[in-house]
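Engineer: Please see the structure below; I have some questions.
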Amino acid sequence: MELALALSLIASVAAAPTATLANGDTITGLNAIINEAFLGIPFAEPPVGNLRFKDPVPYSGSLDGQKFTSYGPSCMQQNPEGTYEENLPKAALDLVMQSKVFEAVSPSSEDCLTINVVRPPGTKAGANLPVMLWIFGGGFEVGGTSTFPPAQMITKSIAMGKPIIHVSVNYRVSSWGFLAGDEIKAEGSANAGLKDQRLGMQWVADNIAAFGGDPTKVTIFGESAGSMSVMCHILWNDGDNTYKGKPLFRAGIMQSGAMVPSDAVDGIYGNEIFDLLASNAGCGSASDKLACLRGVSSDTLEDATNNTPGFLAYSSLRLSYLPRPDGVNITDDMYALVREGKYANIPVIIGDQNDEGTFFGTSSLNVTTDAQAREYFKQSFVHASDAEIDTLMTAYPGDITQGSPFDTGILNALTPQFKRISAVLGDLGFTLARRYFLNHYTGGTKYSFLSKQLSGLPVLGTFHSNDIVFQDYLLGSGSLIYNNAFIAFATDLDPNTAGLLVKWPEYTSSSQSGNNLMMINALGLYTGKDNFRTAGYDALFSNPPSFFV
């Protein structure tokens, strides 16, 4: 009798999990013992042929009886340019490679719009677990869901007594997902990659209950481009995040990324990149360039895309492909939307790494003098006046002891201008943009963090995306934030229920009297003030559009 019972228990544990979707289709997943996974589920029609560059169309085929046990291919990737390997010591390079954010993901395909659901073992419909929906990063040029398996986070949530369901969604990147220009705006196809993410959220709203998730307890979170994507969804439709009369998400977590400092979709640079892509693909003289681009082979479009500037090119964060105001879903520049209160009213966590710009600074090592730095900034920020560039140069001086990686004195100056440029890129794209958001956002409880965990790492310091390493491998004090606190926030809307030894203060403004940041270093957690580099903040954000790209 005991043997029969034991065999029955083993069989039940090993049985493949199933879920019945809203349309009645029953699908089978993978029992991975430490979790159950449904991987590579289509949520949209393949965006190929006439659907290339267009809004995603909900998947209409039958999935009944199918098995979903492996990740689908990533969406097509743009190979990043750059020679950073030549300029970094091994210790820094090893961590960069572990972060997996700066490299193309293979295999890739245009037929890529799939979603993944991973849950604790034994979870059934009706469990009503909180849901964490992950949006991967990669500069809006690379990335895929297969790069960030959530096994560690699921296991940690179980150990905390706060089990969660993890969802990740593939979305189109680079030219396939974020092509801009007059033709794209006229057709209404701007920001297709964001629309992929949004459709994935709608799929979750319709189906996650079948997997044991609670559609009213969804937290969207992401890193880098994923973090900026979370911000875009907070601002989407002037903050209307409802679907079928209910919110798609109730909270947001942003790791290294806030408002995208981007011109409109029909702005000068978006049109320049559209024309360059068309020319590269042999469509430059076509009467309908967009139709021509839809007609070229996947390989031709990939080659054409790879010959437009990537995020490791000299132009760096002046990205070829990124979310842009379209007048429809992103109705204005994102800084204006935040100032005007046009956002979803939800609690948020938003934070950064201390040296967000160093990795990107390796792309401009030929800039070595003050005059060259000034010209670099003028080329990067074409809307800024001479006076604004002068103010920027004063706020971020050539003194290498004040540059990034910060607090390293005369060390880590690859060139006389490397630390200056790294400081500007990091503050504009990430660290001080976060402060701008927090100073203007009143939609819900706010928490913020800043990590200095790798302050001793040569050249890069606590560089952009290093948090992924600590998040995936449960290492160091950073993991207490990126796993424990995030899980607690998704469950209770309060990171302090994670039982951290240091209480995480709420953020009211950068000038509040008490501490407002959770700080992370190699020794542990502590609190601090968000009051550094005020001259840089004023230079960059007194008139944000001056530094749009």
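Glycine residues also receive a Cβ, built from the backbone N, Cα and C atoms like all the rest.
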Engineer: Looking at the disulfide bonds in Swiss-Prot, identify which of CYS75, CYS232 pairs up with CYS112.
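Structural biologist: Between CYS112 and the options CYS75, CYS232, Swiss-Prot records the bond with CYS75.
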Engineer: If I take the alpha carbons of ASN366 (N-linked glycosylation site) and SER224 (active site, acyl-ester intermediate), what is the distance between them in whole Å?
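Structural biologist: Their Cα atoms are separated by 26 Å.
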Engineer: Consider the disulfide-bonded residues CYS75, CYS283, CYS292 and say which one has the Cα lying nearest the Cα of HIS464 (active site, charge relay system).
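Structural biologist: Comparing Cα positions, the closest of these disulfide-bonded residues turns out to be CYS75.
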Engineer: Taking the Cα atoms as reference points, how far is GLU356 (active site, charge relay system) from ASN329 (N-linked glycosylation site) in Å?
Structural biologist: 28
Engineer: By Cβ count within 10 Å, point out the most packed of the recorded positions listed: SER224, ASN329, ASN366.
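Structural biologist: Ranked by Cβ atoms within 10 Å, first place goes to SER224.
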Engineer: How many whole Å apart are the CA atoms of ASN329 (N-linked glycosylation site) and SER224 (active site, acyl-ester intermediate)?
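Structural biologist: Between the alpha carbons of ASN329 (N-linked glycosylation site) and SER224 (active site, acyl-ester intermediate) there are 21 Å.
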Engineer: Do you know offhand how many angstrom separate CYS292 (disulfide bond) and CYS75 (disulfide bond) by C-alpha?
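Structural biologist: Answer for this pair: 21 Å between alpha carbons.
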Engineer: Quick check on the disulfide-bonded residues: of CYS75, CYS112, CYS283, CYS292, whose CB has the lowest count of neighbouring CB atoms inside 10 Å?
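Structural biologist: Candidates: the disulfide-bonded residues CYS75, CYS112, CYS283, CYS292. Fewest Cβ atoms within 10 Å: CYS292.
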Engineer: Distance check, please: Cα of SER224 (active site, acyl-ester intermediate) against Cα of CYS75 (disulfide bond), rounded to an integer number of angstrom.
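Structural biologist: Distance (Cα to Cα, whole Å): 17 Å.
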